[in-house]
Every structure is written in C-alpha cells, then in structure tokens.
Ligand SMILES: C[S@@+](CC[C@H](N)C(=O)[O-])C[C@H]1O[C@@H](n2cnc3c(N)ncnc32)[C@H](O)[C@@H]1O
C-alpha cells in the first residue's frame, strides 16, 4: 500500500464523502476524511469491534500525515541533489575527455589522385566516391587530421558527387582541385603510395605529400600507380604490411583503408596498431611479432594478390 493511501476502506469513505464533485486535491480529501473520522468517533459507543478497529487505523493514518509529507519532501530533495551531482560529473567528464583529445592537425599532405576516372566503370566510380566520403569523415574526426587533397577532380566522379552528394561543395578542411598533383606540389615532396613499390614506408615525414591512387580496379590495372610514379620520377613506397602482419587475403588495400592507416599511424606511431585498428577482421590479419624476428625485413609480400572484395570497394 502506498503511503498516500489511507488504510482500510478510507479511500471508499473519501470517495463517498467527496461524491462526484471531482475534488482531486489531496488536502481537501484528507480533510473530509478527517471530518468523517471525527463523526464516527462521536458514535464510537454504538460501533462494532471491527468498525472501531478500522477507525483507529484511520486515526493513526491521519496523525502520520505530516510525517508522510515531510518524508516525501525529503525524498524529492534527495532526488534533486542526485540529479544535480550527476549533471555536474557528466559535464566535468566531457571537458576532461575533450582536453585529453586535443586536436593537433598534422602538416602532412595526403592526396587522393583522381586521374584514373576514365579507367573506371560508373559502379566503381560510385565505390570510389563512398571511399572518399569515408576518408573525409575520418579525417574530420581524427586527432591529427592531415592536409587532405583531391586532385584531378572531374569526370564521372564529380558528376556523381553533384548528383548524389551536392553538399560536397561545402566540405571543410579539404582541397578539391581539378589540377593534377604535379601542378600543385613540388616533385621532391611527393611520395606515391603503391603496393608494387619495392620500397617500404618506415616513417611518415610531415613535410611530404603522400599520394593514394583514386582507383577501384579489381586488379584490372595491376601496377598502374607504380608505373606512373616511375614515369614521373617521383618517390614511391608501400605500407610495411609484410613486416608487421600476415593476411589471409590481398595486400592491395582500398583507398580508404590506406587513408585511415595513415591517420591511425599519426595518432599511435605504431604500424602494427594502425593495421589492426583499420583492417577488417575478415582479412585474417595476424601479428608477425611473435612468430618472426622483425630485424629481418620481410619483403615476400611485395608481390601481392589483388582482391578488392572489401566493404568499401
Ligand atoms: C585499390 S588500390 C589500386 C590498385 C591499383 N591497381 C594500383 O596499381 O595502385 C588503391 C590505392 O591504394 C594504395 N594502396 C593500396 N594498397 C597499398 C599498399 N599495400 N601500400 C601502399 N599503398 C597501397 C595505392 O595508392 C593504390 O593506388
């Protein structure tokens, strides 16, 4: 029974006393109940034992009314204080979290080279568009966002962006250029990331501009970015996947995976962690840490199998 409810059939008494006048105010009801109880007290002599017992309970309930009121008040105050302290601790925590995650943009330039547009079917251009959207979102969330470039932007990709994602024109912290990267950046600063390069990327250099081939090709254009880098006489490197992890599938990654690995490395400064954070589990990524001596470079994965059955491809 709730502390608001009188014992026995007092509720009934109250209702009868109040009648249909719909008096909902607790005080009024209680007052009437009290009057009724008093009336009954006057006729106590003529009452049966059961009626008297009921009346005593009623009286007791009346006497404890103030106490109940007080208890309710205390309960409300306690709840209010609890809510306030909860709110304060939440605010403190979010400020602390933000302080811990103070964003420090990196000077490193990361370019998606969109000059392969004419080599792709529309369905693959659409996949590339999704990968670019993902890169943009991840960069905006990153602790050390890179200087993000889309170069040679045009053709089917631009048309698709105009059709399906008009908001791209308002994207922030990104340089979307129709020019080729070689027109925008010094040759010496460029490093083409390509899985076919015999060179391994050991460290990231903030003063450099790393290029990712904006291509979804399902292995149809194997080695195309490596060839381009050689023709243009620019540096190239592959991610050091083979040194740190063993994968049961391809070593040719999707554009967004390469982009995200760079972001993760900038945050963690640890390739293995970066690979594990970004690469999907189904690629069967296993650490080579325990099984191999890392001082001996493992280059057997330079020749890799292309398989772009990734989510984002
Ligand atoms: C789907 S791949 C395109 C493969 C294409 N056949 C090629 O020759 O580059 C997309 C891009 O991600 C980058 N990439 C993929 N795997 C890489 C790896 N293991 N190391 C460095 N870059 C990689 C390259 O820039 C590549 O052009």
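Cβ atoms are placed via backbone N, Cα and C, with glycine included.
All protein chains shown were included, and the count of other CB atoms within 10 Å of the CB of residue 217 (active site, proton acceptor) stands at 20. The active site, proton acceptor annotation in TrEMBL covers 217.
The feature compositional bias 'Polar residues' is assigned by TrEMBL to 10-23.
Annotated compositional bias 'Basic and acidic residues' per TrEMBL: 34-43, in sequence order.
Taking DSSP states H, G and I as helix and E and B as strand, the compositional bias 'Basic residues' (68-82) has 15 helix, 0 strand, 0 coil. Here TrEMBL flags 68-82 as compositional bias 'Basic residues'.
The annotation domain 'SAM-dependent MTase TRM10-type' is assigned in TrEMBL to 96-286.
Positions annotated as region 'Disordered' by TrEMBL: 1-98.
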- Note on the structure: The average per-residue pLDDT within the domain 'SAM-dependent MTase TRM10-type' (96-286) comes out at 93
- Note on the structure: Per DSSP (three-state), residue 217 (active site, proton acceptor) is coil
